[in-house]
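Listed features, source TrEMBL:
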type	residues	note
DOMAIN	14-436	domain 'Major facilitator superfamily (MFS) profile'
TRANSMEM	13-32	transmembrane segment
TRANSMEM	83-102	transmembrane segment
TRANSMEM	108-129	transmembrane segment
TRANSMEM	141-165	transmembrane segment
TRANSMEM	171-191	transmembrane segment
TRANSMEM	254-277	transmembrane segment
TRANSMEM	289-310	transmembrane segment
TRANSMEM	322-341	transmembrane segment
TRANSMEM	347-365	transmembrane segment
TRANSMEM	377-395	transmembrane segment
TRANSMEM	407-431	transmembrane segment
Amino acid sequence: MAPARRGGPPDGGWGWMIVAGCFLVTICTRAVTRCISIFFVEFQAYFGQDYARTAWIHSIVDCATMLCAPLGSLISNHVSCQVGIMLGGLLASTGLILSSFATSLEHLYLSLGVLTGLGFALCYSPAIAMVGKYFNKRKALAYGIAMSGSGIGTFILAPVVQLLIEQFSWRGALLILGGFVLNLCVCGALMRPISLKEDCKTAPEFLEQNYVPETEKQDLKQMSLCSPWIKLWPHECLCYCSWKEYDFLLMPSFMVLAVSILFMAYGCSPLFVYLVPYALSVGVSHHQAAFLMSILGVIDIIGNVTFGWLTDRRCLKKHRYFCYLFAVGMDGLCCLFLPVLQSFPLLVPFSFTFGYFDGAYVTLIPVMTADVVGTSLLSSALGVVYFLHAIPYLVSPPVAGWLVDTTGSYTASFLLCGFSMIFSSALLWFARLAKKIKRTHLRSLTGNTALKQHIWTNGAIAYSVTAELDQRDVEVLAVDTNSYSNR
């Protein structure tokens, strides 16, 4: 483990190698997952199953990736980020190779769904969290570059996978992808750990706790939670420290973000599964349908990088929240218009628009999470955030497939996706509006009562309050007022 830094993140140096490693991780995980939709028609024809049953393959991959994200964070925090990513690469590669020998959909559910998804989970969230530890001032730009691997990977892999299927069948294509995913082990080797000052909480914070015996307090004064001597601490202390990694779950702002992510994840997942089948159903050729995925992927890159760069600018850095809302809402509107786009020339602009805003909000998810919980808890928080994607990713494609089987068209499926994403954006907007109203009311209340009383009881000092006061400020102000009155 690298020693703790006196300052903040280095914002460069080896951090750019971390960005490169995360870039490759997103190619090998998210881009490969998206390209599984190209196998959809092949699986359906080979096994003779309907849309809903075949869609479970993609759903289980996405669900396992997100459901096991906290496990990836746990291994990264307590063992090593390098070990976690290398282990994930081996598991994902094994799953893809075993899938090439599948004889039933159930076989694919286990190998391509569970095993490959578990491998991706051990790689994805730890790699993204490492970028957040190495960057602060240019965090959004670094995330934009790192997560653009999803777009560029889709752009390159979509036509390549289609070509592999035509040349070697779907079995050969999965076997080759299994070898390609082994590159995750190389990515893991690049993830050099770093320990920042804010990650190392000193023992005096815990000396007042009841679980620390009096005889050990003197020994703990010079120790840190990051010290190898932590093995000497009582079990209760270790349990307390483990809980502190997840105390952000009680933050109201994180709760609202979590609910919003549930609806956003439900809306975005089915489109990557059904864009190619939908294009084929309206008369688009196989190569043109794969090209739509490539367009979506390359524009996704532009959205990652440009939105990351723009939201790092001084004029927009304070408005990242609303930039995220705008991007999610625009993707929802794109889904609402998709059922009326029934030719290749009309589907191309859709791929441009949806791909750009998809890349935009994906870039801002870890940035917003870091703004809510802080850098020191980012790895654990990202594990929870991606865990919340699991159930929507599992349910939404089969539900969309059931709607297609029942109604005979894709309209209901795409409308449900669009309204879900718009609701996600609106929920965060109303939450911010309510918070602003509450702060305005609290500031006026504090300025009219507690602040005036404080100045009156201690007239020797004049106070000027220009920042907004939260509830804790009011409580501290009241305590000070009582103490001056007692004097």
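All positions are counted from 1 along the displayed chain.
Placed from the backbone N, Cα and C atoms, the Cβ positions cover glycine too.
Model confidence over the domain 'Major facilitator superfamily (MFS) profile' (14-436) stands at 80, taken as the mean pLDDT rounded to a whole number. Contacts between the transmembrane segment (108-129) and the transmembrane segment (289-310): absent, as fewer than 3 C-beta pairs lie under 8 angstroms at sequence separation of six or more. With a cut-off of 8 Å on Cβ pairs spaced 6 or more residues apart, the transmembrane segment (141-165) and the transmembrane segment (289-310) reach 3 or more such pairs and are scored as touching.
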